[in-house]
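The block underneath contains the structure these notes are about, expressed in C-alpha cells.
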Amino acid sequence: MSENQTAVPQAGVFAGLNPTHFNPSDPLVLFIIQATIILAFCRIIAIPLGYLKQPQFIVIAGILLGPTVMGRIPGFQQTIFPTPSLPFLHLVANLGLVFFLFQVGLEVDVQVIKRDWHKSLSVAVAGMALPFGLGAAVSVGLYQLQQDSSISFSSFLLFLGVAMSITAFPVLARILAELKLLRTKVGAITMAAGLINDCTAWVLLALVVALLNSSGGMDALYVFLTAIAFTLFILFLVGPLYRKLCVITHSFEHGPSPLLMAVTLMIVLLSAFVTSIIGFLAGVIVPHEHDLAVKITEKIEDLVNIIFLPLVSQYFTLSGLKTQIGLLNSGSVWGYVILVIFLACFGKIVGCTLAARLTKMTTREALTVGFLMNCKGLVELIVLNIGHDAGVLNDQIFVIMVVMALVTTFMTTPAVIYLYPEWYQKQTTNDPSLTNPMDMAMQKQKVLNHYCLLSLVNKAESIPAVMALIQLMKNNPLSSIEIHALRLLELTERASAVMKYKDMQYDPVLNVLFTFAQLSHLHALLKTHLDYCLSTDYIKTVCRYRSEVNADMVVLPLMDPEADLELIHELFGIQHAPVGLFVDRGVCVQESHRPSQIVVLFRYHQDDRAALVFSLWMQAYRKVDLTVLVESDEKKVRYASVDTIGQYVQTQDGSLDLLFSDENQVSNVVCCTVNERLSGQLLSKALARPLEHHDVVILGRRSLEEEECVGHDKEYEKAVGQLGSDILKHSLQTSLFIVQSPF
C-alpha cells in the first residue's frame with residue numbers, strides 16, 4: 001500500500017502533478033520541458049543569424065537562458081533548470097559532445113591536406129605558433145585574476161596557449177561553402193591548414209588535460225603515452241579493418257549497412273570511453289571514397305546538430321559555468337577582454353597572413369586566409385568547457401574567453417566578404433566559369449549567327465524537357481548555338497551538404513544530358529555547369545552565370561509547371577534578360593526528314609516581340625517552318641524575307657510591317673491573321689490543319705490586357721500568363737515556350 005502512495009501519478013497534470021517539479025525517479029518530464037525550451041531558443045536565434053550570414057553559434061541561446069538574461073527572472077532557473085536536474089542534462093550533453101566530435105572527424109579528409117601540404121603546413125604552423133606565444137604572454141596577467149594557487153602556472157599557460165590558437169574547422173568549412181570559396185586557392189589552403197590546426201590542437205589539449213589530471217610528472221607522461229598508443233591503434237589497426245568491413249558489407253556501393261553503422265557507433269563509444277578529447281579519431285578512419293563519410297554523416301547529423309548540440313551549449317551556461325556578462329564588472333577586467341580579443345586576432349591574422357604571403361599569395365588572399373583561420377566557433381567553447389571542468393579557468397576568465405570566441409567568429413564572414421569579393425576572385429582565378437564577361441562578349445562578336453541559352457536543370461524530373469530543348473535547338477553547320485545547362489544544388493544547413501559539395505566534380509543528371517548529347521551528335525552544342533548555393537541566393541546565382549556565359553536567354557525546362565510555381569515566379573522576376581519557360585509535352589523530337597513546325601502567337605506586347613525574335617533566331621539556325629498567328633480584322637497571309645528577318649532581329653522593336661509583306665518569299669516564315677481573340681480553343685482549331693505535327697508553340701507571357709482571376713488559377717496564371725494557362729488547360733499535344741522580355 002505504501003508503494004502505491006509514493007508512486008508517480010500516471011494521470012500527470014490531470015492528477016495535480018506539477019510537470020516542472022523535479023522527480024529523481026522520473027526526470028524525463030522536466031528534461032523534455034528543458035530540451036523543448038532550449039531547442040526553441042536556438043532555432044529562434046538562428047533566424048537573424050542566417051540573415052546576417054553568420055554561423056549558428058548556438059551558445060548565444062545558452063547565454064540568454066543562463067544567469068545573464070533569463071536567470072534574472074525570479075524563480076526561472078529554480079523552476080526550469082533546478083540544480084538537481086543538471087546532472088541529467090550533463091549526461092545527455094556529454095553524449096552529444098561525443099557524437100559531435102565524431103562528426104568533426106568525419107569531415108576530416110586527409111586528401112585535402114596532401115594537395116598543397118607545404119603551403120598549408122606553413123600557414124597552420126604560423127597560425128598556431130604566434131597565437132600560442134601571445135596566449136602564453138597574456139596568461140601572466142590572467143593568472144592573477146584566477147586567484148587559485150592549486151592550479152600550476154605552467155598548466156594555465158599551456159591551456160591559454162591552446163585556447164588562443166584553436167581554429168573551428170566545422171564552422172570554417174561552413175563559411176567557405178556559403179561564400180563559395182571551397183574551390184578557390186584561398187579555400188583549398190585554408191581548409192587544409194584548418195585541418196592541421198584542428199588535429200594539432202586536440203593533441204595538445206590531450207597533453208594539457210593529462211597534466212591536469214595527473215598527480216605527478218610520470219603519471220602525466222603515462223597518460224599522454226597511452227593516448228598516443230590508442231591513437232596509433234585506431235589509425236593503423238582499426239582503420240584498415242574498418243575499410244575491409246566496408247568492402248564486405250558492400251557499403252561503398254550501397255551506402256552504410258546496419259552492421260557497419262553498429263560497428264561505427266561502437267568504435268565511437270569506445271573512443272569516448274578511452275578519452276573523449278580525441279574521440280574524433282573514430283570519424284577520421286571512415287573512408288571518404290564513394291561518399292561513405294557523407295552518407296554516415298547524413299544518418300546522424302540531424303540528431304547531433306538539432307538535439308544534442310543545443311543541449312551541449314546550454315550545459316555550458318547552466319551547469320556551474322556561470323556565463324554571466326555581469327562578471328565583467330571592472331575597468332581592469334574589460335581591459336583584459338579587449339586585450340585578449342586583440343591578441344587572439346593579431347596572432348592568428350598576422351601569423352597566417354605572413355605565412356600565406358610567403359607562399360606567393362596576394363595581399364588580399366593572404367589577409368582572407370588570416371581572417372578565416374581566426375574563426376573560433378563552437379570548438380572553442382568545447383575547449384573552454386574542458387578547461388573550466390578541470391578547474392583551469394574560473395568563472396570570470398571563462399566569460400572573457402567566451403566573449404573572445406563570439407567576437408572572432410562573428411567578424412569572420414563580414415571581413416572575408418570585404419577582403420575577397422567576387423570581382424576580385426574573377427581577376428585571380430583560373431576557373432573558366434569566372435571568365436570576364438567582356439572578354440566573352442568580344443569572343444562572341446567574332447562568331448556569326450551565335451546564340452546562347454542558359455538552361456536550368458533544377459531536378460531530375462526535368463531531364464526529358466532539357467533533352468527536348470537540346471534537340472529542338474539543334475543547329476545547322478553554318479550557324480553557332482550554345483546551350484549551357486546549369487545544375488544548381490541547394491546548400492542546406494546540414495554538415496553533409498558542405499562535405500558533399502567540397503569535392504563536387506560530377507553529377508548524375510548532367511552526365512545523362514551529356515551522354516544524350518554525344519549519342520545525338522550534339523555534344524558541341526551543350527556545355528554543363530555544376531554549382532551549389534543557398535536557397536535564398538538561387539536567382540542571384542542564376543543571374544551571375546547568365547552574365548558570365550553572356551547568355552541571350554535564361555530558360556527553365558519543365559514537364560509540369562504547376563509543380564514549380566514558386567520557382568517560375570522567382571525566375572520571371574529577373575529584370576535584365578529575356579526569360580523563357582519551356583513546357584515539354586514529349587513531342588519535340590522530330591524525324592530528321594522534316595523541319596520543325598513552330599507556331600508563334602503575337603498579341604503586340606513587348607513579350608510577344610521577344611518571343612518572335614527568339615523564334616526568328618531558331619528559324620535562322622534550323623530552317624524551321626515558322627507560322628505567326630496575329631489577331632487582326634483583316635484575314636490574310638503574308639511572308640517574310642531573309643533581309644527583313646535580319647533587319648527585324650537587329651531592331652527587335654519594329655512593327656510586323658517591317659518583317660512581313662504580301663510578296664511570296666521562300667523563307668518558311670509566314671504570318672497568318674485571325675479575326676478572333678487568340679485562345680487555347682482557337683489554337684486547337686488552327687493546329688488541327690496540316691500543322692497537326694507541330695513541335696512547339698511560342699508566345700509572350702504577358703498581354704496588353706490581363707483579366708483578373710481568383711483562387712489557385714490566379715497563381716497559375718500569374719506564373720505562365722493567361723494565354724499560356726489557357727493553352728495548357730486544353731491539353732494540346734504541343735510543347736510550349738513562354739517568353740518574357742527584359743523589364
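The backbone N, Cα and C atoms fix where each Cβ goes, glycine too.
Residues or ranges marked as domain 'Cation/H+ exchanger transmembrane' in TrEMBL: 38-414.
The annotation transmembrane segment is assigned in TrEMBL to 28-50 (among others).
Here TrEMBL flags 57-76 (among others) as transmembrane segment.
If you look up TrEMBL, you'll see 88-108 (among others) marked as transmembrane segment.
Look at TrEMBL and you will find 120-143 (among others) tagged as transmembrane segment.
Positions annotated as transmembrane segment by TrEMBL: 155-177 (among others).
Per TrEMBL, the feature transmembrane segment maps to 189-214 (among others).
Positions annotated as transmembrane segment by TrEMBL: 220-238 (among others).
Feature annotation from TrEMBL assigns transmembrane segment to 259-286 (among others).
Note on the transmembrane segment (333-354): residues 123, 126-135, 137-138, 141-142, 145, 164-165, 167, 193, 327, 366-367, 369-371, 373-374, 376, 396, 400-401, 403-404, 407-408, 411 of its chain, located 6 or more positions outside it, place their CB under 8 angstroms from a CB of the stretch. Annotation comment: TrEMBL describes 333-354 (among others) as transmembrane segment.
Feature annotation from TrEMBL assigns transmembrane segment to 366-386 (among others). Long-range contacts of the transmembrane segment (366-386) within its own chain (CB-CB distance under 8 A, at least 6 residues past either end) are made by residues 55, 57-59, 97, 100-101, 104, 123, 127, 162-163, 166-172, 175-176, 186, 189-190, 193-194, 197-198, 201, 205, 209, 277, 309, 312-313, 315-316, 321, 344-345, 348-354, 356-357, 393, 398, 401-402, 404-405, 408-409, 411-412, 415-416, 419-420.
Beyond the transmembrane segment (398-420), the same-chain residues lying 6 or more positions past its ends with a Cβ under 8 Å from any Cβ of the stretch are 52-55, 57, 59-60, 63, 142, 163, 168, 171, 175, 178-179, 181, 186, 321-325, 327-328, 333, 336-337, 340-341, 344-345, 348, 364-365, 367-368, 371-372, 374-377, 380-381, 384, 387-388. Among the features that TrEMBL reports, transmembrane segment is placed at 398-420 (among others).
Counting residues 6+ beyond its ends, the transmembrane segment (155-177) has Cβ neighbours under 8 Å at 55, 57, 103-104, 107-108, 127-129, 131-136, 138-139, 142-143, 146, 187, 190-191, 193-195, 197-198, 201, 204-205, 207-208, 211-212, 340, 343-344, 347-348, 372-380, 383-384, 387, 392-393, 401, 409, 412-413, 416, 491, 495, 497-499, 501-502, 532 in the same chain.
Comparison of 120-143, 189-214, 259-286 by number of C-beta pairs under 8 angstroms to the transmembrane segment (88-108) places 259-286 first.
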